[in-house]
Every structure is written in C-alpha cells, then in structure tokens.
Amino acid sequence: MICISLKAVAIHAPWCGHCRQLEPVYAEAAGKLKKEVPALRLAKVDTTEEKELAEEFEIGSFPTLKMFMNGDRKTPVDYSGKRTVEGITQWMKRRSGPGAPTLDSVKSAAQFIDAHNLTVVGFFHSVDSDEAKAFKEVSLEVTDVEFGLTATPEVFQEYEVKASSVVLFKKFDDGRADFLLPEDGKLEKSNLTTFIAENSMELIIPFSQESADKIFSSNIHLHSLLFINSTVESQKTLLVQSKVVAKEFKGKMLFIVIDVTAALSHVLTYFGVSEEDAPTARVINMDTAKKFSIASEDLTALNLSCCFVSSVLQPYYRSEEIPEDWDKKPVKVLVGKNFDSVTQNSSKNVFVEFYAPWCGHCKELSPIWDQLGEKYADHDDIIIAKMDATANEVEALTIDGFPTLKYFPAGGKEISDVCCGEKTTNFLKWTKSTFITLSPVCLTADIILTITRVECKSKEKRRPG
C-alpha cells in the first residue's frame with residue numbers, strides 16, 4: 001500500500017490550447033515522480049465536468065496547478081515553478097523534502113558545498129530569525145540550486161563571513177558571490193531571488209535549451225552573443241578575451257557563447273549568422289529587439305569594451321535579396337531592402353501582410369490575400385503586398401505575431417495596425433464575404449473609409465479621414 005502524502009492537481013479545460021500544450025509534459029512528469037518518489041502524485045480535473053470544484057477553488061484561468069498536502073483542501077499551494085518535466089518534478093520534490101539543512105559544523109558545511117555545483121548558504125545569527133525564515137521560503141521557490149543555512153560561529157569564521165549574509169558558492173568563475181543584508185537586517189525575498197538568478201550563471205553562458213530559460217528570464221536585457229566554431233581551437237581562445245569584458249560589464253550585460261556546429265539553426269537564422277561567419281558577435285537589446293553586429297576583426301577584449309562603452313555599434317536588420325519578379329504579380333513581394341521605397345511612396349496606399357512560412361493562420365490567409373491583390377491590381381494608388389517577417393526586418397516596425405496586417409496610407413500619414421495573429425480570423429470572415437464592408441473588430445474607421453472610397457470612388461483618390 002502506498003501512502004500518498006502530497007499531490008499536485010492540474011485544473012484544465014479541454015478547449016484550452018495551453019492545457020493541451022502542457023498535457024504531455026504533465027504526463028511525463030507524473031510518470032517520473034511515480035517511479036522516483038511514489039508518495040508524490042499528479043492528478044488533473046476537467047472543469048467542464050467538475051464545475052463545483054472550479055468554483056470552490058476560484059479558478060480563473062487555465063491551466064491552473066495547485067498542490068495539496070496531507071489531504072488539506074483548505075490551503076492548497078499555487079504552483080510557481082517552470083512548466084517543464086524537470087521544473088515540475090524539482091518543485092514537487094523540494095516542497096515535499098525536509099527543507100534547507102542546518103550546517104552546524106565546518107565539516108558539514110564543507111561537505112555540503114563540495115557536493116554541489118551551486119550552493120546557496122545563509123549565514124544568520126539564528127536559524128529561527130525572520131531573515132532565516134525568508135531564506136527558507138526562497139529555497140522552496142528556487143529549485144535548481146541547493147540551499148543550506150548556519151548560525152555556527154566557526155562556519156562564519158571558516159568562510160570569512162562577519163555579519164548576517166547569504167553566500168552563493170559555485171564551481172566556476174570567481175567561486176563565490178556575497179549577498180549582504182541591508183543595515184536594517186531585513187532580507188527581501190525578491191532581491192535574494194534576483195541575486196541568485198544573476199550569479200548562478202557563468203560569466204560566459206553556453207547557449208542550450210537548458211540555459212535558454214535562465215537567459216530569457218534574466219532582468220538583464222542587453223545580451224552579447226559570441227558565435228564560434230568549437231572545432232577550431234583558435235576560436236575557442238576568444239572565450240578567454242570575452243571573459244575579461246564580461247567581468248567589466250557584469251550586471252549590465254549577459255555574455256553568451258553559441259557553437260555554430262550545434263543544433264541551433266533557429267538561433268543562427270534569427271541573427272542572420274551562418275556557420276561560415278564564425279567567429280562573429282552580435283548584441284541584442286531584448287526590450288527593443290534591436291540587433292547590433294561586431295566585425296570579426298573587432299573581437300578583442302579592448303575593442304569589445306570600447307564598442308560597448310562608446311555605443312558605436314549600429315543596429316542591423318536582416319533582408320533577403322529583392323526578387324527579380326517582386327512586382328510582377330498582384331501581391332507584391334517586399335523584403336527589407338525594398339520595404340521603405342514601396343511603403344513610403346507618397347502616391348501609394350500600401351496594405352502589407354507580415355507572415356511566417358510556418359504559420360497556420362498565414363496559410364489560411366494566403367489565397368484570400370492573393371484575391372485581394374487581384375481585386376486591386378488595376379488601382380494605381382493602392383498596393384497589396386506581403387513580407388516574410390522571419391527573414392526580413394524593418395527598423396521602424398516590431399512584429400509581435402503572425403500574420404500581422406498593417407496599412408501604410410499615402411502621403412506619409414500614420415500607419416494603421418489592422419489585425420494580428422488569431423484576430424485575423426475576423427479579417428478572413430470579411431474577405432470571404434465582401435471586399436468592401438470591413439470588420440470593425442479588426443479595422444480602424446480610417447481604413448474602412450479608405451478602402452471603401454478606393455472601391456467606390458477610385459478616380460477621386462481620396463485620403464483616409
């Protein structure tokens with residue numbers, strides 16, 4: 001007989017896309033926990049069948065994960081970990097475990113620190129203090145690092161700690177990082193969590209599926225990426241030079257190394273880098289999505305440092321070559337290199353679809369967009385166009401979803417966002433019924449007027465509004 005002491009429940013709805021995405025991950029995590037820790041189990045509830053449960057636990061979004069301990073349904077714990085197999089299993093094990101151990105001797109502290117690649121040790125005057133309690137709460141949330149705490153003077157002395165603080169020990173780079181408590185002695189959990197996240201990564205972070213989550217969730221949004229071929233010894237030496245710069249800009253910029261021989265083609269495509277380009281470097285501002293290029297001859301510690309300090313880097317934007325027949329069909333083909341010359345033509349109203357080749361909504365829209373192009377093919381003042389936004393970029397535009405439809409009125413008037421992603425369904429409904437009456441859900445009043453006037457009074461060549 002198995003005594004189940006702790007259970008996590010996924011509350012879902014069959015129609016929810018995020019629920020369907022989580023389902024195989026959740027099932028794999030359930031199997032792993034059943035095998036490794038039989039007392040930990042995962043379960044799920046379909047809210048279309050169990051509406052009373054959804055009301056009892058005030059479920060407002062899907063999927064929602066809650067943990068129930070020892071049969072207590074009054075105070076479940078909301079899941080706060082990563083929605084991955086490893087994230088779910090680590091979170092469950094941490095919650096069900098004994099908690100951060102107390103290191104009451106120099107020997108036990110040394111053994112604990114030596115046993116792990118990353119350890120976070122809290123040095124407090126009492127393991128029952130408010131600071132220690134906050135530390136223990138953080139240890140339940142940050143599950144990819146081992147936590148311990150001590151109030152033993154000999155351990156303080158051994159690790160040269162003079163006052164209450166937290167030390168992150170790591171078997172790379174400088175070996176440790178110290179988090180000093182403020183003068184009032186209060187430990188803010190959010191500040192400690194940020195400290196751990198920023199200092200648990202290497203100065204030069206090898207990019208992988210495992211490290212990607214830490215990189216993208218970091219509070220540091222300026223990233224430098226060094227692309228090298230790991231099979232070329234001379235390129236590997238660039239890591240040493242980059243580490244000098246990484247130390248200088250620690251806390252301001254993340255430094256990431258990408259092996260062009262690894263299975264990371266999607267990353268190379270995004271930055272417009274080929275295997276032959278290595279060694280090369282790129283910088284990206286995650287807030288603006290602007291990318292900057294650093295020439296291979298500038299990949300020295302001194303030049304890199306100068307580039308970052310003086311802000312001499314200029315943004316670059318990817319573009320395919322202009323097709324020879326880009327304007328031969330009713331729907332014109334735009335790329336980065338001809339985008340401005342077409343959309344900024346003072347005598348043309350330009351309607352552009354920004355698409356991704358793999359996007360289902362884009363494929364559904366494609367034949368209708370072709371029909372729209374044919375309908376307006378003989379109008380001198382309107383252009384129907386499309387651009388592959390996965391291979392081409394424009395300085396003034398940020399495309400957040402696919403397909404995105406934007407209208408560029410003649411005369412340099414304000415660009416209008418028509419619709420994006422799943423909202424394109426409204427546009428599809430309109431185009432299937434008529435090319436004149438536009439859905440106000442997607443289209444602004446100005447665009448409705450524009451295309452209606454073009455259709456009904458094209459000779460007048462009126463402008464929106």
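Every residue gets a Cβ built from N, Cα and C, even glycine.
Just so you know, TrEMBL annotations are computer predictions that nobody has curated.
Over in TrEMBL, the protein carries these features:
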DISULFID  Cys16-Cys19  disulfide bond
DISULFID  Cys359-Cys362  disulfide bond
DOMAIN    1-97  domain 'Thioredoxin'
DOMAIN    310-436  domain 'Thioredoxin'
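Structure with TrEMBL features highlighted.
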residue : record         : Cβ contacts under 8 Å, 6 or more apart
Cys16   : disulfide bond : Phe62, Pro63
Cys359  : disulfide bond : Phe402, Pro403
Cys362  : disulfide bond : Glu353, Tyr355, Ala356, Phe402, Pro403
- Message: Using DSSP, what is the helix/strand/coil residue split across the domain 'Thioredoxin' (1-97)?
- Response: 38 helix, 22 strand, 37 coil
- Task: Would you count the other CB atoms within 10 A of the CB of Cys19 (disulfide bond), including those on all shown protein chains?
- Result: 20
- Message: Averaged over the domain 'Thioredoxin' (310-436), what pLDDT does the predicted model reach?
- Response: 81
